[in-house]
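Trainee: According to TrEMBL, the feature domain 'CBS' maps to A:143-206, A:207-264. What TrEMBL records for A:288-305, A:317-341, A:362-383, A:389-411, A:432-453 is transmembrane segment.
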Protein chains: 2
Amino acid sequence: MAEMELRVKKQASKLLALLTQQHTKQFRKNFLDMHFYEQGQFFLSLDAQQRKQLYQIMAPDEIGDMFDTLQGDEIDGSLLLGEMDLKYATDVLDSMYDDNAADLLEYLNKSEVDRYLKLMPEADANELRGLLHYDTETAGGLMTTDYVVLRQDLTVGAALKSLRKFARTAETIYYLYIVDDSNDLVGIMSLRELFTHSEKAVLNTVMAQNVISVYVDDEQEEVAQVFRDYQFVSLPVVDHAHKLVGIVTIDDVIEVIDDEAQDDYSKLAGVDVDESDTNPVKAASKRLPWLITLLFLGMITATLISHFEVLLSQASILAVFISLITGTAGNAGTQSLAVAVRRLSFGNEHTKKLFGLLSKEFITGILIGLVTGFTIFLVVGIWKHNFVLGLVIGLAMMVAIFVANLAGSLIPMLMDKLGFDPAVASGPFISTLSDLTSVLIYFNIASLFMGFFKGM
Amino acid sequence: MAEMELRVKKQASKLLALLTQQHTKQFRKNFLDMHFYEQGQFFLSLDAQQRKQLYQIMAPDEIGDMFDTLQGDEIDGSLLLGEMDLKYATDVLDSMYDDNAADLLEYLNKSEVDRYLKLMPEADANELRGLLHYDTETAGGLMTTDYVVLRQDLTVGAALKSLRKFARTAETIYYLYIVDDSNDLVGIMSLRELFTHSEKAVLNTVMAQNVISVYVDDEQEEVAQVFRDYQFVSLPVVDHAHKLVGIVTIDDVIEVIDDEAQDDYSKLAGVDVDESDTNPVKAASKRLPWLITLLFLGMITATLISHFEVLLSQASILAVFISLITGTAGNAGTQSLAVAVRRLSFGNEHTKKLFGLLSKEFITGILIGLVTGFTIFLVVGIWKHNFVLGLVIGLAMMVAIFVANLAGSLIPMLMDKLGFDPAVASGPFISTLSDLTSVLIYFNIASLFMGFFKGM
């Protein structure tokens, strides 16, 4: 791996020298020999002047594949396309796979988009317009319309022949989507299966008819789950009349899976972990709103404790265990939160599982509370030679853990029910909230033993 | 989507009826019409008796593909294979892709494995033995040896012909790996490119020579990263003499990406979120060790506070802000932890970035500490009409946040340096640890203002 990075780096610096020294021929050869991804990484390292040189040397369709590898959030599409002349930019867009071109155009305003689409061949422009119309986080937003579609009455031999035509434009030629006269999706076949049949066989006698497809408005997470389950590398997308409208390929799904994971992780920590730039001011300004919000939630806890100042001044020993109880309950709440969020995002039959998860967490909370409470009862009893104090701390710990545990699973469930992303309930939120409930529980239980604490 | 689940469910219950009522012929037809994944889900719902009936009806190679879809952690390979007769089990294993068969055998003890391998054709058994030899979390552990390998002096026409042979056994036929006489990997070609060349062209004149490959002992995370970057669907694996030894396919990589994300998420929450069964006793026993460990770390904090009991009894107001300070510092620490862990697991050039990340977190910590500290100074000053108290709380908050922030990025970095997974430093661990440092900071700062607090 380290070797590979070194090779790519060397290659890139050599290429940059060729570009700036205008060794056009050698540059073209080296550039075209590189993988599209490496071309993309090289491109990202160029400044505006160098990019302009590149556009002079390379034809639009020679850099289209490279643009296919660039992620929407890595580049400023409006800026890059704006640097090219209008015709060149249009040709670059036209030579990209249409799902990627649409992703790039997504960031532009409507008038900019129209300028490019007007110059494009009518059919291509219409396809792009169609794709731009879908919500980016649905199957429609992920799909491409560059796929192999064949009529069901074709023979295997004819299908093989027409694949040669598709090989230039389709995003994948390894799955053939088979439709009837009215463009209804009726079958599917892999190129591999095609190989195993006689050239004379008709497609609709050999194709698989049990086709798994997704609807154009299905959420991207659902699409990703079908890919995971069925181990597909591409998946047809249909409208609600079961007409084939596009296909989703695995490369786009991997991005979804990565983003999903990043997102869940960020939310659990209460921070956007994708702080790609290293500017501390920006980082701080991103993290502060959440911290300050929680600070005010924490202030409620402080206010609550201040109501018990009389009790505290009489029994300062109580202050010793505040952070132990709030901390432990917070940890337990974070655990049950993480389990609940994960289960809600992967579960399919919410309603059925909801009660199951809740009653499970109910019992788990009691068990964890009992064991932890009993442990701290013993520890405090022995440490302070005082088992009544141990009992108060243990009891408070038990109830606080039980409540935090339940809150950790209830809150994401409620959010889910209300149509919010359950992961919005972050770890810091649950632990700050559980500080509040824990303190309330702790001091109320301690108050019951008021007589005992007086004079301690 | 909901429709699809409903269809699968209906299908499964119909199928179960056919199985138990011994409608063999209809069962076979319906079963073979299903997708392998759906067959797998149906299979997982059967009890031992029903599974035995299935084995009687279906030939081993008819359920091999289904076994390919089952994940190692969903099933007990030893139990399932043990239920079949020896020959049948061997044939099932032999008809699976060898990477999946190896994954299944991974869970068996050596003598069990040998029983099956002895009955297998020598060549297949050797391939499996070879795969079992690799660490499961490396490229070798992910790869299959069922791929298309061709000699570089073949023509395109001859290559197309030999693909028909490979189509039965290879895991993918869409990428052709091209070797020289000594089995060195010298080129690669997609089936799609093959289509665009004349049948008479010789492979080594048309193949891509700039092949990206991974080493057999590369970590699975590195392999996944190459798939992400280059948008491959399969990737060749070579040994250190650059001999081709296998290929990794995208389906196995998606599992790696999912597991990785799950793992990071679990560690951040201090709990294994994959509590697939709903047994609360098991869940509690999995979560408790970590909670109890942190409880004892929390006890150190409590002990620390108890050293300040005299101060506390003189100024009970100090107790009011303990949970606010520990909580807020813990939240800030969790944020910087998550950013650091994420950056360490995706970064490539640790040494270069290490100092950058640290100095960034240093400044970020100061900024966050300043803003939060100043906010609480104002709030407490106004609330309690006492800006000296506000100053103590604000100062303590600032330093506590700064330290927690730094610990949140330093600890995963140290772990990484020492060769541990940085994600082992979980959110609950950092927040419990920061409770300790925050309390220490808080009471020491308060002690400096001792004279002021006396008599409050």
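The backbone N, Cα and C atoms fix where each Cβ goes, glycine too.
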Trainee: Just to be sure I understand, if DSSP states are collapsed into helix, strand and coil, how many residues of the domain 'CBS' (A:143-206) fall in each?
Mentor: 20 helix, 23 strand, 21 coil
Trainee: Looking only at residues six or more beyond either end of the transmembrane segment (A:432-453), which have a C-beta under 8 A from one in the stretch?
Mentor: 294, 297-298, 300-301, 304-305, 307-308, 311, 314-315, 317-318, 321-322, 325-326, 329-330, 333, 388, 392, 395-396, 399-400, 403-404, 407-408, 411
Trainee: Sort out the residues at least 6 away from either end of the transmembrane segment (A:317-341), same chain, that have Cβ-Cβ distances under 8 Å to it, and list them.
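Mentor: Apart from its flanks, the transmembrane segment (A:317-341) reaches 264, 267-268, 301, 305, 311, 357, 361, 364-365, 368-369, 372, 376, 380, 384, 389, 393, 396-397, 400-401, 403-409, 411-413, 422-423, 425, 427, 430-435, 437-439, 442-443, 446, 453, 456.
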Trainee: So if I exclude everything within five residues of the ends of the transmembrane segment (A:362-383), which remaining residues of that chain have a CB under 8 angstroms from its CBs? That is, six or more out.
Mentor: 321, 324, 328, 332, 336, 389-391, 393-395, 397-406
Trainee: Considering every residue in the domain 'CBS' (A:143-206), what is the mean pLDDT value?
Mentor: 90
Trainee: Count up the helix, strand and coil residues in the domain 'CBS' (A:207-264) according to DSSP, in that order.
Mentor: 26 helix, 16 strand, 16 coil
